[in-house]
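Taken from TrEMBL as is:
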type	residues	note
TRANSMEM	119-152	transmembrane segment
TRANSMEM	192-213	transmembrane segment
TRANSMEM	225-243	transmembrane segment
TRANSMEM	270-293	transmembrane segment
TRANSMEM	314-333	transmembrane segment
TRANSMEM	339-358	transmembrane segment
Amino acid sequence: MASFASFVEISRYNLIPLSVTSLCGCPCRLLSNQTLIPTRRTPKLKLNVVFHGPQSVFRVRPTSIYVNRRLITAVARAEPESIDESNAEEEVDQGAILPTTKDSFSELQHKSSQLRKRIVFGLGIGISVGGAVLAGGWVFTVALAAAVFLGAREYFELVRSRGITAGMTPPPRYVSRVCSVICAFMPILTLYFGNIDISVTSAAFVVATALLMQRGNPRFAQLSSTMFGLFYCGYLPCFWVKLRCGLAAPALNTRIGAGWPFLLGGQAHWTVGLVATLISFSSIIAADTYAFLGGKAIGKTPLTNISPKKTWEGAIVGLGGCIATSVVLSKILSWPASLVSAIAFGFLNFFGSVFGDLTESMIKRDAGVKDSGSLIPGHGGILDRVDSYIFTGLQKHK
């Protein structure tokens, strides 16, 4: 049967297009098999139904009927826009766009929540670390040992991940746990003995023996990843203990130290190690911040394939921010005395921070993960926060 359209003329003036499908889709079910029984009588209406099709147009004789008020409502709702094909497609498109809009809004809310968490926890970490650095001694060492233990746990979990261990047997879990404990004790032994070369060598020998004597098929990759973990997570952070607690000479020219309360140690509390640690931490933070902002603003040239988001432009801006922070703080804290030494100090801090950051990025890339862990909301794992500091302490002892 050829398609046709129908019109209902009400009172010979208001002509409303009406389709059979629209009536069938009406919630009042006009085309049901049941007989319509009007509950209230309404004025007589003259209905002229005209069918347009391939055949000649014919007209139905006007008939006086009583209709239900709901019928008039259903016909009035059958507006031309509801059956227009273009508008129907537009409604479908709007329905497809609506979930996308909701997803974008949800993503924006998620990013905003992550930014708030990042700021709040970042401030908390900064205040805690600053207090530990100012306290020095056992407070600083124990805090560093705790961070080393958590970082070592994350490192050995990354080593055991599928990305790194593809084609090899990962180190036994008990070896990873023992190595994490050994790494945590290294800063404490450094504070107590001052030199831990013999202790580290002995620990590495015991761990290597355990790996070689294990059941199964020992692999060199197990030995190398474990030895690097002892060096990376345990031995390198010990240089911060040597810097903060080992350089005990008082910084006599420091203006802040001259007015430091006697109950908190007085001027003798402000040592060269404290000043050097404060400048180092501050300049590393400045390097990361300026590098991030510079990369976002003008970054175009990738720095390395290890971390595609890092750019040469961001690195240059970060270097400038790091050196500037070092120079400004050297003037405030009166150490180092010369401008050249302050610039060199800032350059060493930047070089060590970038090297540590790229090293951790390489480990995460091979492991196939974005973050080393989820310990710190908005920041990832502990290694994600301290990677820039691992090699930086070593730079001060060259």
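Just so you know, glycine gets a Cβ as well, placed from its N, Cα and C.
Values in this document were obtained by computation on a predicted structure and should not be read as measured data.
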Using a Cβ cut-off of under 8 Å, list the residues of the same chain at least 6 residues beyond the transmembrane segment (270-293) that approach it.
126, 129-130, 133-134, 136, 240, 243-251, 254, 256-257, 260, 310, 314-315, 317-326, 329-330, 333, 335, 345-346, 349-350, 353-354, 357, 388-389, 392-393, 396
At a C-beta cut-off of under 8 Å, are there same-chain residues at least 6 beyond the transmembrane segment (192-213) that contact it? List them, or none.
171-172, 175, 178-179, 182, 186, 222-223, 226-227, 230, 234-235, 238, 242, 246
